[in-house]
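Engineer: Just lifted these from Swiss-Prot, have a look:
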- K35: SUMO2 cross-link (CROSSLNK)
- K87: SUMO2 cross-link (CROSSLNK)
- K98: SUMO2 cross-link (CROSSLNK)
- 11-90: domain 'RRM 1' (DOMAIN)
- R233: dimethylated arginine (MOD_RES)
- R233: omega-N-methylarginine (MOD_RES)
- 234-433: region '2 X 16 AA Gly-rich approximate repeats' (REGION)
- 354-392: region '2 X 19 AA perfect repeats' (REGION)
- 234-249: repeat '1-1' (REPEAT)
- 354-372: repeat '2-1' (REPEAT)
- 418-433: repeat '1-2' (REPEAT)
Amino acid sequence: MMLGAEGGEGFVVKVRGLPWSCSADEVQRFFSDCKIQNGAQGIRFIYTREGRPSGEAFVELESEDEVKLALKKDRETMGHRYVEVFKSNNVEMDWVLKHTGPNSPDTANDGFVRLRGLPFGCSEEEIVQFFSGLEIVPNGITLPVDFQGRSTGEAFVQFASQEIAEKALKKHKERIGHRYIEIFKSSRAEVRTHYDPPRKLMAMQRPGPYDRPGAGRGYNSIGRGAGFERMRRGAYGGGYGGYDDYNGYNDGYGFGSDRFGRDLNYCFSGMSDHRYGDGGSTFQSTTGHCVHMRGLPYRATENDIYNFFSPLNPVRVHIETGPDGRVTGEADVEFATHEDAVAAMSKDKANMQHRYVELFLNSTAGASGGAYEHRYVELFLNSTAGASGGAYGSQMMGGMGLSNQSSYGGPASQQLSGGYGGGYGGQSSMSGYDQVLQENSSDFQSNIA
């Protein structure tokens, strides 16, 4: 619950999904029933490092009652776009505004790039060879891994100068092995945002609207008890410049200091969950029946996605964007029922334009909206027959007593070919889907073999 103004938290909401050309006057009209503090001056737009609108803003209101009125505007439309409204506070607002925009101290030219699409098992040496002739600083490669120690397919690389980093960007879409590699501008701050939220927020924020894993996608961190962030974000380690060289992430739970010299203990305590508007790093379902898409063409639109799933009719589509305002090639699609979400999975590996699209099911039979919190975890199938909705969170990790969650390529992969029984009952309605799961599991295992 937000504290009053006397507690220093103020009365703030965060708005997401604004049209890129949105003005303060348009925001005022959208919240015409609410009293905005200081009028247009109480509307604080969030910008990317390049100075472009991110589609998000903070709005300062005059009282808690005005906040409640503003929250009722959630999912109403502005022009052709629906707008999401979330409760926030001064601490989050001040931190985000300080760390975003073209004048942010975090946007220094420090020679970082982010790689995506690396082959599973790609080593630091292969990355060095890929950038042959371009000087990488000592300990300059960071390879995120998942909680099972496997590569996420992404990496951060720091070059000796920004000029060299610019040359590295020209290798965008070149190949390592059979995979073409995408390369994006990055920064030390982007690496840091995997696990470096304001400490105060870590203890007080309730679950918010942004939650999608992915390296370098905004100011996003999760606190779910010791070690949860390590499992979700990935442990950073490995010979050529892993965080272990800096006493970071080296005790199995991520305690210690990071490569930037800060104590990380606070990142792994509490039961809080908060995000810093990367434009799409988090998606919270209202129905509990979602499909996550990966590998979208960069020019794909919401209409393209609706057409992709035709004749199914998704409830809504959320295309993700990174902190630089560019699309990530991923999206979350919400369906009205579990059956629709399962049926949508028949489009897995189908082509959209020139690219094949991977789908990941995040749906629970019988789930409803409300407190249901959707979380995409790529390595797990989060679909439980007979589970009730309410506060059930689909992101229960392996080894936490949920027998139906099987890791692709892991020892439990054989479960994918059978029914999802256990305490949740059989799942005969999924019988036609088992073969798809087996094929996906085989594909994944062959990739990491």
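Every residue, even glycine, has its Cβ placed from backbone N, Cα and C.
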Engineer: In this structure, which of the recorded sites K35, K87 has the fewest other Cβ atoms within 10 Å of its Cβ?
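Structural biologist: So among K35, K87, the recorded sites given, the one with the fewest Cβ atoms within 10 Å is K35.
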Engineer: Let me know how many other Cβ atoms fall within 10 Å of the Cβ of K98 (SUMO2 cross-link).
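Structural biologist: The Cβ of K98 (SUMO2 cross-link) has 13 Cβ neighbours within 10 Å.
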Engineer: Could you break down the residues of the domain 'RRM 1' (11-90) into DSSP helix, strand and coil, giving a count for each?
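Structural biologist: The counts are 20 helix, 31 strand, 29 coil.
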Engineer: In whole Å, note down how far the CA of K35 (SUMO2 cross-link) lies from the CA of K87 (SUMO2 cross-link).
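Structural biologist: Between the Cα atoms of K87 (SUMO2 cross-link) and K35 (SUMO2 cross-link), the distance comes to 15 Å.
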Engineer: Provide, as an integer number of angstrom, the distance between the C-alpha atoms of K35 (SUMO2 cross-link) and K98 (SUMO2 cross-link).
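Structural biologist: Approximately 25 Å lies between the Cα of K35 (SUMO2 cross-link) and that of K98 (SUMO2 cross-link).
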